[in-house]
Amino acid sequence: MDPGEAAILESSLRILYRLFAPLSPLPAALPGRMNVIDHVRDMAAAGLHSNVRLLSSLLLTMSNNNPELFSPSQKYQLLVYHADSLFHDKEYRNAVSKYTMALQQKKALSKTSKVRPSTGNSASTPQSQCLPSEIEVKYKMAECYTMLKQDKDAIAILDGIPSRQRTPKINMMLANLYKKAGQERPSVTSYKEVLRQCPLALDAILGLLSLSVKGAEVASMTMNVIQTVPNLDWLSVWIKAYAFVHTGDNSRAINTICSLEKKSLLRDNVDLLGSLADLYFRAGDNKNSVLKFEQAQMLDPYLIKGMDVYGYLLAREGRLEDVENLGCRLFNISDQHAEPWVVSGCHSFYSKRYSRALYLGAKAIQLNSNSVQALLLKGAALRNMGRVQEAIIHFREAIRLAPCRLDCYEGLIECYLASNSIREAMVMANNVYKTLGANAQTLTLLATVCLEDPVTQEKAKTLLDKALTQRPDYIKAVVKKAELLSREQKYEDGIALLRNALANQSDCVLHRILGDFLVAVNEYQEAMDQYSIALSLDPNDQKSLEGMQKMEKEESPTDATQEEDVDDMEGSGEEGDLEGSDSEAAQWADQEQWFGMQ
């Protein structure tokens with residue numbers, strides 16, 4: 001070997017020796033030198049996860065082949081850093097396996113006196129400080145379990161952490177997991193512990209309010225920070241507003257949030273606007289709900305939260321092109337949230353593609369099992385496909401997640417009525433009426449069930465009158481009252497009711513029903529106008545199209561008489577022109593029908 005090769009070999013050996021220096025007695029004498037574990041830790045801190053994964057994998061294999069190569073503390077660190085890199089790559093099951101091995105290694109480590117730093121040994125103190133926290137490892141394991149939908153395992157691993165060692169994020173995760181599992185008492189305890197450590201944890205406040213903890217009690221837990229920190233005078237009003245939200249008092253919640261939103265410092269806050277939009281939707285005020293969603297969307301073009309409800313409202317209005325554009329925009333923002341899938345599902349549902357709507361709803365639930373709108377979409381698709389019992393399961397889960405949302409109960413009651421279970425529907429409607437109070441929405445829902453039984457027709461009429469007294473513009477109440485008047489053949493009263501409802505709003509269903517009533521009193525021209533307006537609002541409204549086509553067929557006998565008169569005009573020399581005219585008219589009629597169907 002020539003001197004040059006010898007020098008290179010010696011240099012290489014020195015580099016390797018420095019990397020693995022801690023394995024020899026030299027580290028105590030050379031504390032300033034970095035070892036290979038230090039390099040792995042630095043790369044992990046720098047976010048070089050793919051590099052950490054490759055290097056730690058090689059080093060762990062070396063350790064398996066030679067157990068004496070690394071100390072127990074070094075192997076523990078390697079396992080944790082390797083598991084972290086797997087977590088970053090979303091290989092959660094593999095990460096859990098490595099975290100478990102790391103905890104086993106840490107357990108063995110704690111039994112040996114070598115890894116217990118003595119107060120007099122300054123050289124070992126930095127090493128002990130560099131060890132990844134066992135509490136943090138357990139938290140990461142719980143995160144993996146939640147991603148794998150193994151909530152029981154996540155609770156078990158976090159429950160194993162002593163209460164005094166639980167950080168705020170551990171208590172927050174535990175609270176959410178307990179709440180999801182229906183364990184309200186430990187969930188409340190964990191949320192309160194979060195607030196004790198972090199009194200401005202607003203999501204923890206919402207969690208407590210959703211578990212029926214009184215707003216005054218929650219506000220008392222934040223009183224000290226409100227009094228000591230400037231510009232937090234709005235917080236007590238904010239808590240009051242969301243206390244109303246979670247008790248189902250929509251009108252007072254709307255008024256309270258509006259008072260917050262009007263304050264100069266909180267004006268144009270996207271979260272408050274989104275809450276307002278959702279509250280208007282719950283209260284049945286779809287027009288204001290859409291306006292608030294649009295306002296929030298203009299302020300934040302990348303907003304995702306609440307866009308599933310917004311898409312549903314647009315689809316109900318027949319604005320399917322807007323729904324499609326909204327879905328595309330949301331997918332460009334993120335396809336890992338439920339909202340884009342729900343919006344696309346609403347487009348499919350209102351295009352009568354129920355199988356596709358079912359698939360998209362299932363995909364949304366897979367991404368977020370707590371998505372109420374996804375559950376409602378899938379339930380509605382199942383119901384329309386005749387799979388009523390499966391639909392009932394989804395509506396019940398939606399009710400469990402959102403007990404103050406009336407549309408969840410409406411979906412379940414529609415399933416009961418579809419399966420002729422009128423008794424179950426009546427029991428549910430009465431429970432909703434007692435639970436959510438006597439407002440226009442609950443009165444109308446109860447009346448809807450009463451209309452299904454001839455014995456309770458008069459009760460339905462009384463309930464609808466009460467609902468319309470409270471809210472004369474409530475569309476669902478107007479529609480049901482019109483249905484009752486149609487049964488009684490009181491068409492003039494129905495026309496007056498519908499004209500009054502349409503005075504300050506325009507709705508496809510109301511225009512169509514008005515058209516039906518006008519046909520019944522032989523007002524054909526105005527009926528045709530109403531059908532046209534309905535189709536302009538929702539080109540996919542099949543019933544309006546059928547009403548218009550029915551009127552055209554009723555006019556056809558007159559057209560047939562005219563054609564017979566034309567056939568009698570033999571030798572007039574105009575026969576060819578007339579035939580051409582009929583052909584052209586038929587062509588345009590076909591085109592008009594085609595456009596109407598789109």
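Placed from the backbone N, Cα and C atoms, the Cβ positions cover glycine too.
In TrEMBL, annotation is done automatically, which means it is predicted and not curated.
In the repeat 'TPR' (372-405), helix, strand and coil residues by DSSP number 27 helix, 0 strand, 7 coil. If you look up TrEMBL, you'll see 372-405 (among others) marked as repeat 'TPR'.
For the repeat 'TPR' (508-541), the DSSP counts in helix, strand and coil order read 27 helix, 0 strand, 7 coil. Annotation comment: TrEMBL describes 508-541 (among others) as repeat 'TPR'.
Among the features that TrEMBL reports, compositional bias 'Basic and acidic residues' is placed at 546-556.
Per TrEMBL, the feature region 'Disordered' maps to 546-598.
If you look up TrEMBL, you'll see 561-582 marked as compositional bias 'Acidic residues'.
Across the residues of the repeat 'TPR' (508-541), the predicted structure has a mean pLDDT of 88.
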